[in-house]
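Structure first, commentary second.
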Amino acid sequence: MEIDLGANAFGIDFHPSTNLVAAGLIDGHLHLYRYDSDSSLVRERKVRAHKESCRAVRFIDDGQRIVTASADCSILATDVETGAQVAHLENAHEDAVNTLINVTETTIASGDDKGCVKIWDTRQRSCSHEFNAHEDYISGMTFASDSMKLVVTSGDGTLSVCNLRTSKVQSQSEFSEDELLSVVIMKNGRKVICGTQNGTLLLYSWGFFKDCSDRFVDLAPNSVDALLKLDEDRLITGCDNGIISLVGILPNRIIQPIGSHDYPIEDLALSHDKKFLGSTAHDSMLKLWNLEEILEGSNVNSGNASGAAEDSDSDNDGMDLDNDPSKSSKGSKRKTKSKANTLNATNNFFADL
């Protein structure tokens with residue numbers, strides 16, 4: 001199932017309970033599509049959300065609203081039913097907003113092209129925390145709710161851990177020779193996986209963020225521009241060669257290809273029932289892949305190790321991380337395009353705005 005959006009999309013997200021998918025485009029438009037198992041995508045709504053590119057998009061408020069982040073430095077909340085503007089943080093950052101994720105029911109986190117991360121308190125309608133650990137654009141963020149820590153990756157080649165309880169940057173990795181482009185937490189919180197520009201996956205153990213404990217090189221030399229966690233042992237990668245793959249972590253191996261685009265992958269997202277994988281790329285196409293059909297039988301093999309992992313980590317207590325070097329795709333993509341991707345929110349962020 002696929003549709004030509006008419007322009008490149010840099011962020012996508014699925015509705016948390018119904019068959020709707022949203023896409024944020026390079027021209028600032030927000031598109032909303034309905035899908036089902038048997039027919040093509042049908043556009044339900046088109047909204048001019050931003051003056052510049054829409055870099056990130058997520059459903060919040062149980063799917064009642066869509067939040068978008070833009071190169072115009074703003075964050076916008078749009079009503080799903082009417083398409084009306086609900087709230088607008090016009091100058092959320094001093095630079096282009098590149099990433100946005102949900103943190104708690106009353107806070108979200110946003111990251112910009114200069115490396116600044118902000119935590120927004122929706123009740124106070126203000127920025128409650130600000131972290132400036134990075135020297136280049138924020139490429140990805142993920143939140144560890146049990147410890148109230150935000151894990152951040154950047155084009156400067158480092159990963160940081162921001163403690164929301166102490167309002168301090170608790171840890172930061174050594175500088176890598178390569179940009180860190182994407183991040184997920186796996187193995188029940190014991191491992192942090194980062195995608196890099198040269199295609200190496202870096203595995204950090206929780207609590208030991210200075211250096212990586214493992215590296216997986218089978219995707220090289222294609223930069224890993226998008227990472228999506230499928231479960232605690234498997235993730236989905238989107239690379240700049242247009243290939244989408246299912247990858248096992250510890251043991252590290254490429255399990256199987258999922259699909260492809262003609263151009264670099266920009267963003268990946270899972271439907272509410274995990275039946276469909278959504279993907280966007282630099283070919284203006286939005287594609288939905290039926291994971292139930294594609295992955296049938298792959299669970300049986302999820303314990304086999306093939307593939308090349310430079311270090312073999314037993315995944316005991318989990319505590320390392322590492323970066324590899326040598327390419328140029330996500331960082332340059334995010335900043336050059338003046339539109340990037342990734343937004344993650346599941347609560348009532350703009351409820352009080």
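Cβ coordinates come from backbone N, Cα and C, glycine included.
Residues or ranges marked as repeat 'WD 1' by Swiss-Prot: 4-43. The feature repeat 'WD 2' is assigned by Swiss-Prot to 49-88. According to Swiss-Prot, the repeat 'WD 3' annotation covers 92-130. The repeat 'WD 4' annotation in Swiss-Prot covers 133-172. The repeat 'WD 5' annotation in Swiss-Prot covers 175-214, and the record cites sequence analysis as its basis. The repeat 'WD 6' feature in Swiss-Prot is assigned to 218-257. Annotated repeat 'WD 7' per Swiss-Prot: 260-299, in sequence order. As annotated by Swiss-Prot, region 'Disordered' applies to 300-353. Residues annotated as compositional bias 'Acidic residues' in Swiss-Prot: 310-323. Under the heading compositional bias 'Low complexity', Swiss-Prot lists 339-353.
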The repeat 'WD 6' (218-257) resolves under DSSP into 0 helix, 23 strand, 17 coil
Given the model, what does the mean pLDDT over the repeat 'WD 3' (92-130) come out as?
-> 88
Could you name the stretch, out of 4-43, 175-214, 260-299, with the greatest number of CB pairs under 8 A to the repeat 'WD 2' (49-88)?
-> 4-43
Helix, strand and coil counts within the repeat 'WD 1' (4-43) (DSSP) | 0 helix, 21 strand, 19 coil
Helix, strand and coil residue totals from DSSP for the repeat 'WD 3' (92-130) stand at 0 helix, 24 strand, 15 coil
Could you give the residue numbers and ranges of same-chain residues that sit at least 6 residues beyond the repeat 'WD 1' (4-43) on either side and whose C-beta is under 8 angstroms from one of its C-beta atoms?
-> 49-59, 62-63, 66, 68-70, 72, 78, 80, 266-272, 275-276, 278-286, 288, 290, 337, 339-344, 346
